[in-house]
Amino acid sequence: MIIRSPEPEVKILVDRDPIKTSFEEWAKPGHFSRTIAKGPDTTTWIWNLHADAHDFDSHTSDLEEISRKVFSAHFGQLSIIFLWLSGMYFHGARFSNYEAWLSDPTHIGPSAQVVWPIVGQEILNGDVGGGFRGIQITSGFFQIWRASGITSELQLYCTAIGALVFAALMLFAGWFHYHKAAPKLAWFQDVESMLNHHLAGLLGLGSLSWAGHQVHVSLPINQFLNAGVDPKEIPLPHEFILNRDLLAQLYPSFAEGATPFFTLNWSKYSEFLTFRGGLDPVTGGLWLTDIAHHHLAIAILFLIAGHMYRTNWGIGHGIKDILEAHKGPFTGQGHKGLYEILTTSWHAQLSLNLAMLGSLTIIVAHHMYSMPPYPYLATDYATQLSLFTHHMWIGGFLIVGAAAHAAIFMVRDYDPTNRYNDLLDRVLRHRDAIISHLNWVCIFLGFHSFGLYIHNDTMSALGRPQDMFSDTAIQLQPVFAQWIQNTHALAPGVTAPGETASTSLTWGGGELVAVGGKVALLPIPLGTADFLVHHIHAFTIHVTVLILLKGVLFARSSRLIPDKANLGFRFPCDGPGRGGTCQVSAWDHVFLGLFWMYNAISVVIFHFSWKMQSDVWGSISDQGVVTHITGGNFAQSSITINGWLRDFLWAQASQVIQSYGSSLSAYGLFFLGAHFVWAFSLMFLFSGRGYWQELIESIVWAHNKLKVAPATQPRALSIVQGRAVGVTHYLLGGIATTWAFFLARIIAVG
């Protein structure tokens with residue numbers, strides 16, 4: 001008789017047909033809430049409808065149902081992303097000068113939008129070179145298309161159609177996984193399987209397939225393009241994939257196939273998997289062979305990482321065990337209890353993810369200019385400035401979002417009864433020490449950083465330049481930053497074998513790289529001016545963190561309002577009869593944090609814009625003389641507040657202010673309009689609810705007189721709604737103003 005061990009049961013991880021598909025229900029506004037579904041009595045109804053439509057916590061308290069809604073919504077999000085991408089590729093296929101740009105990227109600007117001749121607006125179609133008239137784009141799509149090996153507008157058209165198919169597929173998946181086969185809660189909480197798929201699947205196989213595409217398609221096509229071959233003469237991508245001899249003509253070791261790989265003779269592949277560092281002097285971008293090598297290495301790391309966690313086979317790490325093994329000398333039980341928080345509160349999980357993704361986005365912003373990844377990106381100054389600014393704003397918003405969801409977690413998902421003495425509890429118990437120390441740091445940084453500028457303005461005003469903090473008088477050199485730069489500049493040849501240049505030309509040491517008479521990149525000198533503005537960065541970042549962290553740590557209770565958790569995430573004040581308790585909700589901290597985030601990012605992008613125009617961007621003569629756009633005035637002008645106002649804001653605004661009558665005039669209109677949107681926000685931020693309610697009742701009286709009064713009673717915005725509308729217009733107006741100012745300037749002079 002053979003005794004077999006019992007077969008492991010296969011877990012059923014989906015429910016079939018859990019929720020019927022009902023168009024009648026979807027057609028009813030507010031179907032997710034009993035109160036809202038009744039329809040409007042007052043105009044507040046439309047605000048509540050928008051506030052709660054995606055607040056799945058308010059629809060149900062069942063974690064499984066909430067998880068399914070979030071999961072389904074993610075597919076909707078992906079569908080929109082594919083739709084947007086399809087639109088970008090379609091514009092490239094149908095309305096752009098991509099093929100012309102590809103044949104001469106140094107003299108022709110990228111354009112993918114041609115304005116129709118209505119009311120004379122065709123003036124916006126500027127001459128971008130090569131006889132093409134259109135709006136210059138600054139998204140970097142042309143550069144990424146060239147890097148990926150796209151050589152014709154037909155290929156863009158096919159990709160656009162493919163993206164539409166994927167958009168439809170994602171919409172279907174969102175419906176299918178909510179209405180037809182919805183995952184159970186256990187599936188959402190199986191973190192090891194999730195890590196397996198995300199690390200090995202998305203990141204590992206994703207990077208591997210991109211590396212494969214780069215080696216087999218991008219590298220050979222870019223090799224031909226760099227050599228000046230007409231794009232129409234270059235073989236099509238599938239020919240390189242199917243015909244190995246074609247590749248072997250460019251990279252002889254291809255003839256040997258996979259033999260060197262299996263015989264561990266990997267150096268054979270060093271023709272197309274390189275480790276050079278620095279920039280390709282032809283295109284001013286990173287070496288594409290370095291990039292292919294990088295993605296192959298990343299793929300291997302993530303394929304290994306994806307197999308480190310215990311799934312169906314009972315081998316490998318468990319995340320809960322790893323977390324609970326982490327104990328420091330001062331942390332008591334260590335990370336015990338964190339696993340339960342992160343698998344039962346999606347807000348806590350989202351908060352961590354937003355904080356990391358936001359930081360990563362800001363890191364991307366800094367790498368896009370210091371290690372420009374795509375061909376001819378570094379010399380397209382308008383695109384460089386746009387990419388930096390865009391990624392900085394996005395990163396700022398994501399980090400504020402991290403604080404918002406951390407606070408929502410504290411209010412809605414935190415259970416103090418079973419959280420006793422874990423790490424989070426220990427942080428909360430000494431929150432006063434954290435916040436008061438952080439407050440001291442903010443005061444110190446604010447007074448000292450601003451004080452250095454005020455000193456310089458005063459000395460400058462009194463005609464005492466020898467007493468100013470500057471590179472030519474009292475020097476405050478950023479010695480630590482210079483040491484880091486120097487270390488990196490000396491690194492090649494010492495760290496990685498065969499590396500000929502440092503990771504970025506900005507570190508120093510290397511020569512400058514110029515493409516078509518324009519500077520791509522050169523060593524960036526740091527001096528007193530940078531020291532001063534970096535301390536302003538430190539100040540604004542710390543204040544933003546102070547506001548956001550105070551909102552999180554005091555989200556449930558404070559000395560002022562011990563029962564804050566009962567009032568919820570957003571509330572205007574602690575009821576009538578308790579003065580001085582307004583603006584204390586966690587939501588209000590996010591609201592205030594947004595303004596300081598805007599402050600912080602504005603200083604960063606202003607610093608970047610001026611520094612690059614002054615010390616990096618410019619033209620180079622045949623004799624090798626570099627002429628920078630603003631002639632190196634950053635070091636001496638940016639050390640006073642007056643210098644920032646006079647030589648940056650005012651001097652560089654001339655292009656946008658004088659843009660009327662030119663192809664840049666749309667930026668002039670946007671500059672004006674966005675200032676108006678910004679000013680409009682102040683009406684919401686500086687006036688109270690009662691003022692508007694009085695006005696509304698007077699207007700309603702007039703409507704009653706004329707017998708045109710609506711059935712839905714008009715109401716003034718609530719305090720929280722007013723603040724939300726205010727901060728939205730403040731940020732939108734401010735960002736659009738900056739966008740118009742930057743682009744009109746850099747397109748005109750860059």
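Even glycines carry a Cβ here, placed using N, Cα and C.
Secondary structure from DSSP puts Cys573 ([4Fe-4S] cluster binding site) in coil. Annotated [4Fe-4S] cluster binding site per Swiss-Prot: Cys573, Cys582, in sequence order, evidence recorded as sequence analysis.
Taken from Swiss-Prot, the feature chlorophyll a binding site applies to Met683, Tyr691. Within 10 Å of the C-beta of Met683 (chlorophyll a binding site) there are 13 other C-beta atoms, taking all protein chains into account.
Listed in sequence order, the residues of the same chain lying 6 or more apart from Trp692 (phylloquinone binding site) and placing their CB within less than 8 Å of its CB are Ala716, Leu717. As annotated by Swiss-Prot, phylloquinone binding site applies to Trp692, with the evidence given as sequence analysis.
Here Swiss-Prot flags 70-93 (among others) as transmembrane segment.
What Swiss-Prot lists as transmembrane segment is 156-179 (among others), and the listing cites sequence analysis. Non-local neighbours of the transmembrane segment (156-179) in the same chain are 17-21, 68-69, 71-76, 78-80, 82-83, 85-87, 89-90, 92-94, 98, 145, 150; each lies 6+ residues outside the stretch with a CB under 8 Å from one of its CB atoms.
Under the heading transmembrane segment, Swiss-Prot lists 195-219 (among others), citing sequence analysis as support.
What Swiss-Prot records for 291-309 (among others) is transmembrane segment, and it gives sequence analysis as the kind of evidence.
Residues or ranges marked as transmembrane segment by Swiss-Prot: 346-369 (among others).
Annotation source Swiss-Prot lists transmembrane segment at 385-411 (among others), citing sequence analysis.
If you look at the transmembrane segment (433-455), the same-chain residues 6 or more away from its ends with a CB under 8 A from one of its CBs are 427, 468-469, 476, 532, 535-536, 538-539, 542-543, 545-546, 549-550, 553-554, 639-641. Annotation source Swiss-Prot lists transmembrane segment at 433-455 (among others).
Feature annotation from Swiss-Prot assigns transmembrane segment to 531-549 (among others). Sequence-distant contacts of the transmembrane segment (531-549) (same chain, at least 6 residues past either end, Cβ-Cβ under 8 Å): 399-400, 403, 434-435, 438-439, 441-442, 445-446, 448-450, 452-453, 469, 476-478, 481, 589-590, 592-593, 596-597, 599-600, 603-604, 607, 638-639.
Among the features that Swiss-Prot reports, transmembrane segment is placed at 589-610 (among others), with the record citing sequence analysis.
Swiss-Prot lists 664-686 (among others) with the feature transmembrane segment, giving sequence analysis as the kind of evidence.
The transmembrane segment annotation in Swiss-Prot covers 724-744 (among others) and rests on sequence analysis.
Remark: of the binding-site residues Cys573, Cys582, the most isolated position is Cys582 (fewest other Cβ atoms within 10 Å of its Cβ). Counting Cβ pairs under 8 Å to the transmembrane segment (385-411), the top-ranked stretch among 70-93, 291-309, 346-369 is 346-369. According to DSSP, Trp692 (phylloquinone binding site) sits within a helical segment. Within 10 Å of the C-beta of Tyr691 (chlorophyll a binding site) there are 10 other C-beta atoms, taking all protein chains into account.
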